[in-house]
Protein chains: 2
Amino acid sequence: MKGVFAAVLTPMRDDLAIDRAAFAQHCRRLLDAGCHGLGIFGTTGEANSLSVGERIEAWEALVAAGIEAELLLPGTGACALPDAVELSRAALALGTPGVLALPPFYYKGVSDDGLFRFFAELIERVGDDRLRLFLYHIPPQMIVGFSPELIGRLLDAYPGIVAGTKDSAGDAARIERLCAEFPQLAVFAGTEALLLDTLRWGGAGTISATVNVTANLAREVYDLHAAGEDAEAAQTRLTERRRYLERFPVIPALKAIVREQTGDALWANLRPPLDPLDAPAVRELLAGL
Amino acid sequence: MKGVFAAVLTPMRDDLAIDRAAFAQHCRRLLDAGCHGLGIFGTTGEANSLSVGERIEAWEALVAAGIEAELLLPGTGACALPDAVELSRAALALGTPGVLALPPFYYKGVSDDGLFRFFAELIERVGDDRLRLFLYHIPPQMIVGFSPELIGRLLDAYPGIVAGTKDSAGDAARIERLCAEFPQLAVFAGTEALLLDTLRWGGAGTISATVNVTANLAREVYDLHAAGEDAEAAQTRLTERRRYLERFPVIPALKAIVREQTGDALWANLRPPLDPLDAPAVRELLAGL
């Protein structure tokens with residue numbers, strides 16, 4: 001698993017149910033725009049605003065609609081061990097090459113021992129050698145995260161199964177350290193602003209919210225680097241786009257852009273507690289693009 | 001709803017499934033020790049380490065074991081609206097007099113508008129006039145909380161349905177303010193150290209983790225105050241006991257005490273990411289009692 005992955009937005013109808021047709025169309029657009037793969041139901045996808053059943057049914061519907069399971073990295077994050085087990089098994093049954101796993105995020109200030117036990121129980125209970133865990137480190141939302149020491153312990157205990165990480169700490173030095181310390185780990189930067197750096201450090205690529213609207217630019221950086229050509233200018237354009245988007249609340253801003261691109265009003269819907277952008281903010285956002 | 005409520009611990013077998021017999025026995029002991037009611041599946045009960053199905057089945061099993069539904073305040077907290085709806089409906093079907101509702105806690109820095117929309121959707125979707133929501137404010141764990149302004153908006157929009165709050169912010173001035181500003185709201189302090197103060201301010205009582213082991217002391221304070229007698233000395237004893245317990249990680253410490261009281265080793269089990277106390281800490285804890 002490597003390359004440019006969008007952390008895919010989830011389109012919702014006015015009754016807040018997932019719109020499966022719009023979801024599959026958006027996934028196809030992202031693949032056509034250059035994504036190597038798709039993270040389905042992470043923070044950007046409002047995963048934890050969906051029930052376990054909603055998530056599993058939506059994955060199945062995407063595959064039924066022709067989105068290739070081997071291009072999907074489903075988010076299986078849950079506070080409750082049985083939920084994480086159920087989501088992981090469903091993703092395996094679907095044939096996805098890995099799952100994106102959050103730490104249990106209800107309790108704060110928990111120990112590395114407690115987090116290790118959670119993942120050990122998860123891996124043992126899933127009980128399938130095909131499991132590939134990508135550790136989803138996003139301390140700004142979760143407070144709880146993966147220390148490098150914990151990642152090392154998990155890699156030692158479950159080599160092969162602990163396969164990668166999405167690092168959304170916003171800390172370039174940490175990504176560089178993880179790439180150097182754990183060459184067996186596929187390290188994805190949580191922002192495409194660090195894509196070229198991550199690739200140079202030996203990392204796998206990026207899984208990012210804003211790739212919902214920057215996929216072509218991000219792919220250009222990836223391809224230039226892969227070809228041994230100068231990717232600096234392309235990365236600069238990509239970083240500028242990302243920095244602009246970061247000035248807005250990211251999930252509603254991305255939905256507003258996709259609404260504009262598709263003309264489909266359902267893209268304005270978010271599950272509470274997230275709010276849509278108000279009209280003046282949408283105008284400002286679109287004007288700046 | 002008023003009085004002394006334990007936020008009940010959840011006993012788990014070695015395979016981490018809920019032990020229903022031990023659960024019902026513990027609930028009965030707490031009622032016999034003086035609890036007016038029982039909060040089932042809040043933070044102390046490791047609620048969010050349990051799946052929705054596990055929670056509902058355990059409530060049903062408690063009632064089947066003879067614990068009166070009208071004494072239960074089930075925790076229905078969930079990040080996902082459909083989960084909160086399902087849990088609330090199940091509690092209503094069981095005949096409980098209210099539910100303890102967390103704010104959706106995945107996203108941080110969310111707006112009061114977004115939280116208002118979450119609870120408005122919850123109330124509309126449950127669609128049952130018997131619903132009584134107790135707002136569970138616990139910012140040390142959740143980061144997200146209920147501002148007094150949000151509580152006021154919810155009370156205005158859903159009078160009768162928004163019925164109370166458990167305030168675990170650890171802020172006496174906030175509890176005093178809520179009692180004064182919202183006399184229609186049953187205000188429960190999240191710690192029995194504030195029980196007498198809360199009752200004097202016109203609040204309803206306490207719902208507290210440590211009531212698992214302080215129920216008789218807390219009930220004494222409540223009864224003395226209700227009889228118009230001097231409850232200061234009893235509150236001082238209760239507060240001292242609470243302060244002592246706070247020196248330890250509370251959930252594992254309470255489980256260690258109940259293990260000692262019952263002689264049943266399953267009380268040492270916690271779901272990850274929570275850790276049991278190690279043996280030296282257990283010895284120190286028990287010696288100090």
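Even glycines carry a Cβ here, placed using N, Cα and C.
Long-range neighbours of A:Y136 (active site, proton donor/acceptor) (same chain, six or more residues apart, CB within less than 8 Å of its CB): A:G42, A:G75, A:G77, A:L100, A:A101, A:L102, A:P103, A:T165, A:K166, A:S168. Sequence annotations record features per position, and here TrEMBL assigns active site, proton donor/acceptor to A:Y136.
Residues or ranges marked as active site, schiff-base intermediate with substrate by TrEMBL: A:K166. In three-state terms derived from DSSP, A:K166 (active site, schiff-base intermediate with substrate) belongs to an extended strand segment.
Around the Cβ of A:T44 (pyruvate binding site), a 10 Å sphere holds 23 further Cβ atoms from the protein chains shown. Annotated pyruvate binding site per TrEMBL: A:T44, A:I207, in sequence order.
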For the recorded positions A:K166, A:I207, the one whose C-beta sees the most other C-beta atoms within 10 angstroms: A:I207
